[in-house]
Ligand SMILES: NC(=O)C1=CN([C@@H]2O[C@H](COP(=O)(O)OP(=O)(O)OC[C@H]3O[C@@H](n4cnc5c(N)ncnc54)[C@H](OP(=O)(O)O)[C@@H]3O)[C@@H](O)[C@H]2O)C=CC1
Ligand SMILES: O=C(CO)COP(=O)(O)O
């Protein structure tokens, strides 16, 4: 198979490096310097410093070539760039080929999931999402991990499972695309909250409470939007939530930690090269909560911190004023 990955950031490059071991793989970067570095030096120093990439991996800065030669198209750009890149590529994408999203976010204006954008921009193409507890640098280092390919089409799921399964990376399939994509997007908001707890230095009991109540919150919203309860207890829900909330590699957790230390969001984002999707997903989650009549206390509190209305310390102190209800309730 010929596989094209659009986006040569941390995750797009990592997935391309896995796939290229058995399939002809081309990764597209809008930056000619990144494409040249991958082709000539087998490195991507900006996004994956210190890692050697397989010589079999080739790169291009020509979006048309990447789109037109693909038999499977993998979208590795963040959610805010997803529609734009796909719209630029769509006239060149061969008919009916599967399109896989790597992005863990929701579209700002529409709150759409990435596979819904694929269905709008490339109607008729099977759309899938690859999601799960998969920190790029651990995967590239060859450490064991599990992930999920989510698509409603079983034949496509099996094909993609075969293409993506490499070494110690176990690829499961799941037909609950809504639940898988929402778990991947919403866990980033909770990871910001867990990072804040870390930055405030408040301890492991607090972190455990944030993770558990965060899971309840993302499962509540996810089910209201059509996801299945079991999915949120699986790799794409609980699994990814734990990895992201605990890992020092997580960008979302990093943002939260810095806010917990009292820094300003703009200053934290200004020094980051890579993407923390949760910052954009938080307001979308709040709007979805309004739409579905849900309290979502963690998402709403994180939103107030991100907008500067309250500090991370205020958010933590505010717990005193919100009485706990039953464990099955929102608080
Ligand atoms: N990193 C990880 O461990 C994982 C990430 N993900 C998800 O994968 C998605 C991508 O993340 P990741 O690779 O980490 O992000 P990075 O920030 O590492 O890289 C983003 C890439 O997208 C490119 N890009 C950004 N905007 C545009 C645009 N408008 N047009 C073209 N290219 C663009 C960047 O190019 P440029 O350098 O030119 O700006 C860069 O190559 C996210 O949704 C993330 O949540 C999922 C699992 C694991
Ligand atoms: O999604 C991820 C791990 O599964 C990566 O998390 P961050 O985007 O927070 O780094």
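Yeah, the Cβs are placed from backbone N, Cα and C, and that goes for glycine too.
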Sn-glycerol 3-phosphate binding, same site as 132, 187, 240, 250, 251, 252 - TrEMBL member from 21, 104: 104
Co-listed NADPH-binding residue [TrEMBL; alongside 10, 11, 30, 47, 104, 136, 251] among 162, 217, 277: 277
Residue from 132, 187, 240, 250, 252 whose C-alpha is spatially nearest that of residue 277 (NADPH binding site), among the binding-site residues: 252
Sparsest-packed among the binding-site residues, when each Cβ's other Cβ atoms within 10 Å are tallied, from 30, 104, 251: 30
Rounded inter-Cα distance in Å - residue 30 (NADPH binding site), residue 132 (sn-glycerol 3-phosphate binding site): 26
Residue 252 (sn-glycerol 3-phosphate binding site): tally of other CB atoms within 10 A of its CB: 27
Position of peak Cβ density within 10 Å, selected from the binding-site residues 11, 47: 11
